[in-house]
Amino acid sequence: MKHIRNFSIIAHIDHGKSTLSDRLIQVCGGLSDREMAEQVLDSMDLERERGITIKAQSVTLDYTAKDGQTYQLNFIDTPGHVDFAYEVSRSLAACEGALLVVDAGQGVEAQTLANCYTAIEMDLEVVPILNKIDLPAAEPERVAEEIEDIVGIDAIDAVRCSAKTGVGVDEVLEKIVSAIPAPQGDPDAPLQALIIDSWFDNYLGVVSLVRIKNGSLKKNDKIKVMSTGQTWGVDRLGIFTPKQVDTDSLDTGEVGWVVCGIKDIMGAPVGDTLTLAKNGCEKALPGFKKVKPQVYAGLFPVSSDDYDNFRDALGKLSLNDASLFYEPETSAALGFGFRCGFLGMLHMEIIQERLEREYDLDLITTAPTVVYEVLKTNKEIVYVDSPAKLPAINDIEEIREPIARCNILVPADYLGNVITLCIEKRGTQVDMVYHGNQVALTYDIPMAEVVLDFFDRLKSTSRGYASLDYGFQRFEMSHMVRVDVLLNGDKVDALAIITHRDNSQTRGRQLVEKMKEFIPRQMFDIAIQAAIGNHIIARSTVKQLRKNVLAKCYGGDVSRKKKLLKKQKEGKKRMKQIGNVELPQEAFLAILHVGKD
């Protein structure tokens, strides 16, 4: 057991986590050169395309150190994006140490900082590593000072390496062996195994990734899931060397996968504890804190026949992604679907894309909203995650919107732009600290503004140098109103948005103009209106298509023309009474792009 090292890699997006993990696998011979693909651990097509890590993956490698001993390295790759922070905290719970990878050209970024603090709170040994030293822009000395200054860990003798060229990778491995402590635990105690992750395999049922804290797990053991109390027999277990390899047992301190023939998706929730059915452990391991979704949106299948498949797909996906929340919802405009909760806009896009790719579904998404706390006049407090659920205006005493605490790291040159952006997003400054050339800004900004397009705007005003980390802070009283969209006088529930009263006029006008571009012209006028309560704040009209009925009159009497025009007008009027408006999917997405261009 003293030869086991469990660690994960934490870093900001694009600082080279996945490339470094490729090198570690290659050096330790986990895969032959033929099987090496770029970013081995990003196994989802989506991850490769976008170049981001979404799911945490685990690998077991054997490394023969310079002292002649062979060490078993269990290494868990983690995502770097703010929307996937929960994946990181899960991975860290299974480790004793973490490699903090920092790009020697870019320096410390907000995300690195947030994940690093998570690791330090969990009492992990954090080992700084300066990556990308092969780049001409690399300044390892400056960055090492920056790490000490901002993060506060000792970085003078940080390993300098380049994952791309392979320089310094051996030093990284030596450092892992020397700096990261061996796992604690009692091999003879009753089994305690923490479920780090699970996913659904069509042949095997639920596959769980576990970290054995105490005791050991063997093939054919009878095990019990602590939260549900159900017992199962272990069919297969093993490790990943990125490939799934079967073994006969998993011992204390090891990380591996287990298949127990669980067919029910909720049978082995992430963060749960496994123990033996006979003389098992008394109490469960402390799991992970449940993450609360920050952004909600309605997802509806385009054809209602897909509803059942959609429900199954969401079930399988939520097993694999513990932070996805969903409940059934019906909409007058879109039929049956689900209200889903996500951690942020990127998470929402990824989930939608995974549903469409992996499960062949066509989906319509409604505009994302955050959760509002509403105090009603009868002093009851309700939480509203969709504009349709907002109580009537005269029942509302006050609406409180969620405020996010944003930590922004930005080079001093771009400070002005970023502050202007924060003020435009109704932010209030909390703190501002200079670290050398970097400035650490802390702002309280309404969550609704942050999740919509704050991240994109922040990147563009600072030419990509600013980085952001945010978390929910509190609810605060605010003047929010619901803007409804009416088509020919009928409300379309799926198009309503909740926005701040100061922005409601402009948002309403932009929305109406945007919708006008997307609704195809029909045989009669379509009036698109935005309203707050009964008060119309903006309107635009999609003009009708009309036939030129006067084409056959040459010269002639004006009363003849009047008669033909009047006849056409009456026909159009009749049409309008029975006609209904077809809304294309783009019209629903128009809401997302309001105010972007």
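Positions of Cβ are set from backbone N, Cα and C atoms, glycine also.
Copied over from Swiss-Prot:
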type: BINDING; residues: ASP14, HIS15, GLY16, LYS17, SER18, THR19, ASN131, LYS132, ILE133, ASP134; note: GTP binding site
type: DOMAIN; residues: 2-184; note: domain 'tr-type G'
C-beta crowding around ILE133 (GTP binding site), within 10 angstroms: 21
Per-region confidence, the domain 'tr-type G' (2-184) (mean pLDDT, whole number): 72
ASN131 (GTP binding site) CB neighbourhood, other CB atoms within 10 A: 31
